[in-house]
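What follows is one structure encoded as structure tokens, with my remarks underneath.
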Ligand code: 6R9
């Protein structure tokens, strides 16, 4: 239905955007026919290099080996801060909007330079040097950005851990990357509630003897635990540092950061990105996809704990000398009008958020939107999961008053930057489609045997040529990187997503084809939630699947088998939910727990998730072949006792 509802490029963008349809086609063609020439030009245009590279691209996708601009030297913090001082020292770099609507702060590029330099010096004083890992566990406050950029200045590798993760999840990530320094705050503030970050960090650090320094930003002034020698107050120590901090000149292929993300098996993987290629593609996409213009105020509502926060709050916009808004709170506090009030208050031109937020705000009713002006808005964006056409149309019509094109950007932690996306001056929009590939990106659809599907059709989405902001490795385990992304279809990067391509070559992401959930745009492995559930002594087995959820996109549906003699109860249900929160974080709370005396298994003992997904989705007349099950009666029992949603 809505597939045929095409929104053409608005005249305003046709006339002024950097790239129109013709230019997109020409540039795209050039980018795939002469990738080295194309990317060399872009790298020259977007970044400032201490020394030019020896080779543009070197890659062997069969081995998961990718390198861009090797031999080239640059410093990412210099690109994001210092080089703007001549032109825009007094321009606002970061607008910080607090959780409390009466709190905000403007940080100019000059101030950003001072803050990053001082923190860089403090980290250096504590022994941090090139290649060291620094963990950042922070609320959405400017210090989170200072911390990322200060690491980049020294050539230290940051690992940002989302502030919503539990002490256990933090501990695993600190240990996996062997971080010796942790930067955190006493507490975070979101939606009027305080989050005990330092106390969480203390619990994690108890099991991380390698952490010798913990810098603590005072956000609320709450009482926190303290270990002399290890813990130091950020403000106190930063204040006495010099404003000059010599940047480390890094190879383009030196690591910039590690960011953990969930896969279908095992513990989260530390996705590693490097300096040159990552910064180039995040800057370039920020410029072209959002048609960033001098003076624009740009707001991405993500958290810096996710890749969207890395590429589109911090690195992309700051590399382009933009004004980036950083929001501490949530879209529904104090009420569902908050985002639009912030848009009016700071005259935001570009607004980039996730479908789950759009659906929640749509559910709250139009009046929260229409009571605000939003005249400053020029362009809207969405990311994180497929957007249903109804939510797309509401976003377009009510929020953007049919004036602002919507950029539906498909990409992943592993891709570092946008991969499938419209360009506002070039691409006619179809609600629900991430449209066409960005420059240099060569998507293909593969059938299950690995053959490329030509023309319109559906299949497994893979990428057949390297791109600059591609994952370089899984930290400490390159074999896992190969196994996860490059073994299924040798010679291709496999995304884990399924997609359809229509007659116009537009891509429609249909969701994950593996055991990865996407809950409110947060990626989570079913295996992670299952491991948490089976920690409970009364649980013998657990199987977790996703099911369609109106707001979250997917909800978490857990089938739990208890040990012999144990009885289900509401108290036990609560204990299991608490266990998931404790092991992973609040985002991993099962929405539904169904007590399952048995799980559908093949004769070889493999759980048939396909059937569990159907039962969870209430698609009962279409269960498929159950004849290979060891005990088909199990399925009838699960259907009879299906949890009410
Ligand atoms: C940036 C980010 C990646 C997974 C990805 C896909 C889903 C992201 C999407 C989308 C449809 C979009 N996804 N953007 N699906 N349309 N515009 O979200 O990274 O957290 O690693 O998640 O999210 O399934 O594979 P990450």
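Yeah, the Cβs are placed from backbone N, Cα and C, and that goes for glycine too.
Taken from TrEMBL as is:
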type    : residues                                                   : note
BINDING : 190, 191, 192, 193, 308, 520                               : CoA binding site
BINDING : 384, 385, 386, 408, 409, 410, 411, 412, 413, 497, 512, 523 : ATP binding site
BINDING : 534, 536, 539                                              : Mg(2+) binding site
DOMAIN  : 24-80                                                      : domain 'Acetyl-coenzyme A synthetase N-terminal'
DOMAIN  : 82-467                                                     : domain 'AMP-dependent synthetase/ligase'
DOMAIN  : 528-606                                                    : domain 'AMP-binding enzyme C-terminal'
MOD_RES : 606                                                        : N6-acetyllysine
Row residue 190 (CoA binding site), column other C-beta within 10 angstroms, all chains, value 17
Cα-Cα distance linking residue 192 (CoA binding site) and residue 512 (ATP binding site), given in Å to the nearest integer:
34
Binding-site residues 192, 308, 384, 411, 413: those with Cβ under 6 Å from an atom of ligand 1 are 308, 384, 411, 413
Can you check what DSSP calls residue 193 (CoA binding site), collapsed to helix, strand or coil?
strand
Do me a favour and check the Cα-Cα span between residue 409 (ATP binding site) and residue 534 (Mg(2+) binding site); whole Å is fine.
36
For residue 413 (ATP binding site): intrachain residues, at least 6 apart, with Cβ closer than 8 Å:
259, 261, 271, 306, 307, 471, 523
Cα distance (Å, whole number) from residue 539 (Mg(2+) binding site) to the residue listed as 'N6-acetyllysine'
18
Of 192, 193, 520, 534, 536, 539, which binding-site residues come within 10 Å of residue 384 (ATP binding site), going by C-alpha to C-alpha distance?
520
Expressed in angstrom and rounded to a whole number, the CoA site built from 190, 191, 192, 193, 308, 520 spans a maximum Cα-Cα distance of 24
